[in-house]
Amino acid sequence: MTSGTEQATLNTEENGSDSDHLSKEPIAMPALDWDGPTDSNNPRNFSTPKKVFITACLASLVCISTFGSSVMSPASGQLIHEFGISKELSILATALYVLGFAVGPLLFGPASEVLGRKYPLSVGVFLFAIFSIPIAVAKNVATIFVCRFLCGTFAAAPLAIAGGGLADLWEPLSRGIAVAGFASATFLGPVLGPLVGGFVTKSHLGWRWTQWLSIIFSLVFLAIYFVFCPETYSPIVLARLAKKRGQMPPGGKVDFKQLAKVYMLRPFIMLVQEPILALLTLYMGFIYGFLYLCFEAFPIAFEEHRGWDIGIGSLPFLSITVGVLIGVVIIIVHTMTRMRRKLETVGDAPEERLVPMMIGSILMPAGIFWFAWTSNTSLPWAPQVVSGVFIGCGILLIFLQGMNYIIDVYKVMANSAISINAMFRGLLGAGFPLFASYMFDNLGVPWAMSLLGFLCVALVPVPFLFFIYGERIRKWSKFTAH
């Protein structure tokens with residue numbers, strides 16, 4: 001069975017890269033295979049309810065890790081009052097966590113290739129919970145900032161690993177639907193964080209309970225995942241089965257030097273040499289940074305300018321949530337109709353992934369400009385809140401389909417492409433909130449958001465460019481499977 005062998009053999013060489021040792025996967029596992037196409041041990045052959053359950057568990061852990069990134073954003077005022085720090089310094093509680101998202105994939109990506117999905121993911125979530133405890137009882141801001149960075153680093157484990165877990169379980173067409181639902185959790189987490197954090201911070205519980213809630217949620221869902229979900233990474237599953245049966249052939253060996261080269265060097269080479277990866281990483285990084293900037297911009301617009309309290313002021317984030325869910329529906333409909341027909345007739349159609357992304361590239365700046373020019377306090381609040389639906393839908397469509405396109409284009413090289421993409425996103429996600437207050441204070445909400453809208457408009461051509469010329473560009477690359 002060819003597909004089983006391809007999944008189990010991680011030292012595959014890519015087309016056009018024979019002379020490039022960095023194109024080889026770093027783990028020389030023995031060539032093992034399943035006992036036929038219906039082998040029940042193959043994660044692809046799990047029952048649909050079992051696949052859905054595992055997917056839901058992975059989505060829950062991703063949601064919790066991203067929820068933790070923004071849940072403290074409404075606590076800036078209390079941090080300023082309690083520790084006597086500036087507003088700009090208080091934003092580091094969010095920025096350092098997101099910076100950890102840039103570092104974590106460099107650790108957990110290689111770990112998932114050597115140890116499988118389950119144990120690195122579980123260790124990461126557990127350590128995230130452990131390092132949240134010092135924040136909840138912190139007596140100084142240094143403890144908060146250091147531990148927030150560590151929390152973000154370990155919380156990156158689900159972000160770095162869960163996508164691979166979905167690829168283990170689902171065939172390409174079904175995976176498109178599973179990933180769409182999964183992606184909603186990725187974005188619902190950071191959007192719901194300020195909503196929950198706002199009401200918790202405002203209540204008698206105070207800001208420290210934002211951390212206790214994160215700890216409780218993460219440990220409960222981690223326990224469910226660890227107890228009920230099996231390992232899904234085929235090479236590891238096959239190796240364990242062979243060892244159990246006494247059939248493990250010699251040659252299973254990890255080359256840690258090559259592992260370091262592949263994960264530390266190849267992603268940067270790809271970013272420089274691959275126009276598809278470079279432009280999509282720039283676009284997705286901007287979108288990610290803008291999302292985290294919203295956690296500072298929305299309170300300025302609704303709490304400072306319209307005079308809403310911290311709890312009510314977090315409710316407009318629900319409009320982004322609605323937009324995210326609409327985006328999920330759009331992707332599912334596209335996958336089951338146009339994408340399905342394309343796969344049936346052509347067999348491989350990466351550029352078809354860009355159709356929803358093109359829609360999102362129009363919706364996103366439209367929502368930003370709408371938000372900007374309905375922010376005047378003399379206007380009703382409702383139109384400004386509704387703009388969040390277009391922003392949320394645009395964010396989801398651009399980000400998710402950009403990620404799907406990268407995976408389809410680079411295939412087994414996708415881990416390297418995604419790791420550099422995640423690192424760049426994390427840097428922008430951490431950086432954007434830091435200049436938000438300066439920009440909005442100096443330019444005002446209308447022009448600050450309009451500036452971001454113009455930058456977003458400048459990136460609109462990206463999906464259209466690759467939809468038209470993507471196939472031709474892929475033929476130039478030594479990292480893609482043409």
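A Cβ is built for glycine as well, from the same backbone N, Cα and C atoms used for every other residue.
It should be emphasised that the depicted structure is a prediction, and the values quoted were computed from it without experimental measurement.
Residues or ranges marked as region 'Disordered' by Swiss-Prot: 1-22. Summarising the annotation, Swiss-Prot assigns compositional bias 'Polar residues' to 1-14. Sequence annotations record features per position, and here Swiss-Prot assigns N-linked glycosylation site to Asn15, Asn45, Asn376 based on sequence analysis. What Swiss-Prot records for 52-72, 89-109, 125-145, 149-169, 176-196, 209-229, 275-295, 312-332, 354-374, 379-399, 427-447, 448-468 is transmembrane segment.
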Leading stretch by Cβ pairs under 8 Å, where the reference is the transmembrane segment (379-399) and the options are 125-145, 149-169, 176-196, 427-447, 448-468: 176-196
Surrounding CB atoms that lie within 10 Å of the CB of Asn376 (N-linked glycosylation site), all protein chains: 12
Residues of the parent chain within Cβ reach of the transmembrane segment (448-468), under 8 Å, 6 or more residues beyond its termini: 276, 279-280, 282-283, 286, 290, 293, 297, 351, 354-355, 357-358, 361-362, 364-365, 368-369, 371-373, 375, 398, 401-402, 405, 439-440, 442
Two-stretch contact, the transmembrane segment (209-229) and the transmembrane segment (354-374), at least three Cβ pairs under 8 Å: no
Among 52-72, 125-145, 149-169, 312-332, 354-374, stretch most in contact with the transmembrane segment (176-196) (C-beta, under 8 angstroms): 52-72
Euclidean distance between Cα atoms of Asn376 (N-linked glycosylation site) and Asn45 (N-linked glycosylation site), Å: 56
Cβ neighbour count (within 10 Å, all chains shown) around Asn45 (N-linked glycosylation site): 15
